[in-house]
Amino acid sequence: MLSENEIKILEYLSKKREASAEDISKQLNIPIESVFSISQLLKEKGYIEVEEKKVIKYELTDEGKRRLKEGFPEEKLVKLLDGKEKKIHELKDKLGRDFEISIGWAKRKGLVKIDGDTVIPLVKDYEAKEEKEALINPEKANKDILQQLLNRKLLIKKEEKILNIRLIREPLEIKPALIFLTPELLASGEWKKYALREYNVEAYPPFYPIGKKHFFKEFLERLRDLMRDLGFKEVYSDYVEIEFYNFDLLFQAQDHPAREIHDSFAISGKGKLTDEKLIQRVKQIHERGWKYNWDVNISMRLMLRSQTTATTARVLASRPKPPIRVFTIGKVFRPDSIDATHLIEFHQLDGLVIEDNFTFRDLLGTLKEIFNGIGIKEIRFKPAYFPFTEPSVEVYGKIEGLGWVEMAGAGLLRPEILEAVEISSSAGAWGLGIDRLAMLLLGLKDIRLLYATDIEYLRNRKVEINADN
């Protein structure tokens, strides 16, 4: 079956037998690019032979067009001299920017000579006839003249592809292709005059590279949606934090190893905290519980937060009225060697529930709801120790192909923390590393792929967090 343009080209070649692609394009009013592609199709169908040639073409530059219109500089110089000697400054004033070019080419062609500051003509008249003819018809020009014009940047040389197309097989019967089969064509029988296009029902639809979210960003948004659906409100805080919220309010002693330089990023300068009552309560609780002299200056040091629990600590410090259910998703920063499983900045999800009579059993049920929502149906809990919760558990989820994998840490907030913020209700908290969770759920072996920028890779990535899996 032949398309409309294929038929046009074959009918034209039936008369001409042979023609260039450029000629076909002009005569049939078909874009030259379409002629190239249609020629390839007709060649594959055995109707034509295609011979490709490369030819050199010359084009006038803007300067070349100016010379054709205004004349060559050396012509102007000879005309100004009019067979008489003249001073250089006088000619320079009249010729302007063309003066240097005119002197150079006039000397090279033997039209003038220079004596001190005087230009002496050697000819009375001069016309650059050969150069002008070469600009008009460069293909027939003398090689030396042509090279001169190229050197003077009056012409540019281009290599063009020319297709010569020759008919080798006449089509037995040419029927135009029918794109739309209408009821009228069926009723009248007109459809028989056309070739019906065959359809490949197994062919894939065309691919359109439309914009899409980065797959890890989409993963984070799905987690946010899940937490909101479970009745949690999202809270935020800055990356730069004071140690008070990152450690002290969470009953982490000032000599704890996690506060050393190799486990957190320090920032020069000090922060501020105006809640003197809260500062004094934290001081008393630390000195009573850990038996050391608590230093407020240490707690005011700036750092890049090492855990998003610093955000929920700020919620606690605001002394909220129960019931409250909040979560935060954000970046945290810890010194480490970057490899397939470690980064120095990564994402965490922290949650906090404050309710009257909230029990450890309620906490485990909440965690099970969250992980079921992510798509992890089998959950186990293992007793653990964390500085700011008691009792505490580690959460393990069963991942296909990997078995039981640690997913999160959780527990009821220690009474020392609740005492510091004057909250009498029970509170449960948990935190999980989102980047490693994403690696497990998305089947990645390198954590760095979560931040990939390769367009093809991102285009083909999919995100599936399905509670029904």
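Cβ coordinates are placed from backbone N, Cα and C, and glycine is handled just like the others.
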Swiss-Prot L-phenylalanine site partner of T309, Q348, L349, D350, selected from F371, F381, F388: F388
Neighbour count (Cβ, 10 Å) for L349 (L-phenylalanine binding site): 22
Inter-residue Cα distance where the pair is E390 (Mg(2+) binding site) and D350 (L-phenylalanine binding site), in Å: 17
Entry from the binding-site residues list T309, Q348 having the most other CB atoms no farther than 10 A: T309
Site of maximum Cβ density within 10 Å, from binding-site residues D350, F388, E390: D350
Distance [Cα-Cα, Å, rounded] between L349 (L-phenylalanine binding site) and E390 (Mg(2+) binding site): 20
Three-class DSSP secondary structure - T309 (L-phenylalanine binding site): helix
